[in-house]
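Novice: The structure's right below; bear with me while I get my questions together.
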Ligand code: MSP
């Protein structure tokens, strides 16, 4: 039995803390599902997991949005944060910690963190002049802006001119330490294209950045000067630390340090790379805290080939999507169809075709027809056959024997689409094999032993596929497992802890002792309704 002991390998990962100016969009769902898949896979492997997500609730963007709706910022944040929690539940997201940056424990951690950086002499007051994009909550270089001082990311928003006295963080002091970090840990920033982007940015010379704002109430006061508030990004990044506290811990950095640091992985979209790959490690260096191991910047989603945006009126509502098609369908499409580091597209026809082909036909039908044959030809029991007696070059066993290792490698490299392809290749080989072997004919010819072996090898291949796909499609996988006689629900963390990876990720586990369940479709075919 694998249990969480002191020697158990730890895996701490985060999604960005999402702005609560609006309900979650498909981009936030995309990162959060990716993190959930990785967390689930690490749990399958017996690791002790801390999966952090949450909401970024301070700053001008939130304050202005709340004001425009005639709401107090806190009431507005409460409502939207609840919307995130509700969507994560619908999508079967199993986070371990949900951090809201307006929580009082977070205020204590931010204060202590600020003090550490202050004590290093890394904070000073100076004049800040420049163009500020409120939607990005970031100063922009004039040369980055489009005509009319519009932001290149939020093209319908104009950056605002600011000229104020702010507190600055001495980022420039960390230039060489950061360069050393990127050199000594080449996989700190992934994928490679993002790493090059960061190296290029850093090589131009790092500038100190302001970490306070004046004339803004919605934020924590600067401890040494309460007329100023802490810049929302400084506050939010520290949220990753607050999230690591146990619920009953005193909120201090010593407790943060005691268990989960360093964080193994920050999953983010490519637009917030600089904050995570440059500012954040420098802040941690200044505060004398362990640097995270890896930052992975994924691509952007488009819809029907076009950039998604409110101004274009083509946003994709994740709530509508999951309500219409269910969590597994949404989870599968984005990770089977899109290479994680690259941009990818949502198209509803493609969505339906992929799900029907892979989950309803290739996987679901194969299970259903095989179980029905088992009922007819083997009295509904697991076919009487030992995997040891099947030669290693058997077409399904040959794939199955190395699949677990291959797929583990794919998940660890965040190559979700490759994991799906590898698993589906076993399923497709199962379909081909059963058609070629025609157990119905073998049965008529009285070749019972052959029939049992064909059906066993197909069922075992489906089992392995279901297990390895369970981080992506936990509901379909649970149904398959239950029909194969296991009482495992992949949504129950407590059951995962006692399910040894070494035997389940290996071809040949199914045994005659298992009592097969009733064949029922595991994935209903989808129909194209009016496009979302
Ligand atoms: N609050 C900051 C993060 C602070 S982390 C300490 C923030 N929030 S956000 O809500 O605006 O963005 C969250 C994530 O959504 C980002 O990783 C961003 O890349 C991602 N996406 C926004 N639009 C997206 C797509 N169209 N496609 C994929 N992801 C996109 O930034």
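Cβ from N, Cα, C; glycine included.
Take a look at what TrEMBL says about it:
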type	residues	note
MOTIF	18-28	motif ''HIGH' region'
DOMAIN	20-130	domain 'tRNA synthetases class I catalytic'
BINDING	133, 136, 151, 154	Zn(2+) binding site
DOMAIN	150-371	domain 'Methionyl/Leucyl tRNA synthetase'
MOTIF	307-311	motif ''KMSKS' region'
DOMAIN	407-486	domain 'Methionyl-tRNA synthetase anticodon-binding'
Novice: What are the other residues, in sequence order, whose C-beta lies within 8 angstroms of the center of the C-beta atoms of 133, 136, 151, 154 at the Zn(2+) site?
Specialist: 134, 135, 138, 140, 152, 153, 157, 159
Novice: For residue 133 (Zn(2+) binding site), just count the other CB atoms lying within 10 A of its CB, please.
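Specialist: Within a 10 Å radius of the Cβ of residue 133 (Zn(2+) binding site) lie 22 other Cβ atoms.
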Novice: Summarise the domain 'tRNA synthetases class I catalytic' (20-130) as counts of helix, strand and coil residues per DSSP.
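Specialist: For that range the per-state counts are 62 helix, 21 strand, 28 coil.
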Novice: Residue 136 (Zn(2+) binding site) has how many other Cβ neighbours within 10 Å of its own Cβ?
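Specialist: For residue 136 (Zn(2+) binding site), the count of other Cβ atoms within 10 Å is 18.
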Novice: In terms of DSSP three-state secondary structure, what is the assignment for residue 133 (Zn(2+) binding site)?
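Specialist: DSSP call for residue 133 (Zn(2+) binding site): strand.
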Novice: Applying a 10 Å Cβ distance cut-off over all chains shown, what neighbour count does residue 151 (Zn(2+) binding site) have?
Specialist: 21
Novice: In three-state terms from DSSP, label residue 151 (Zn(2+) binding site) for me.
Specialist: coil
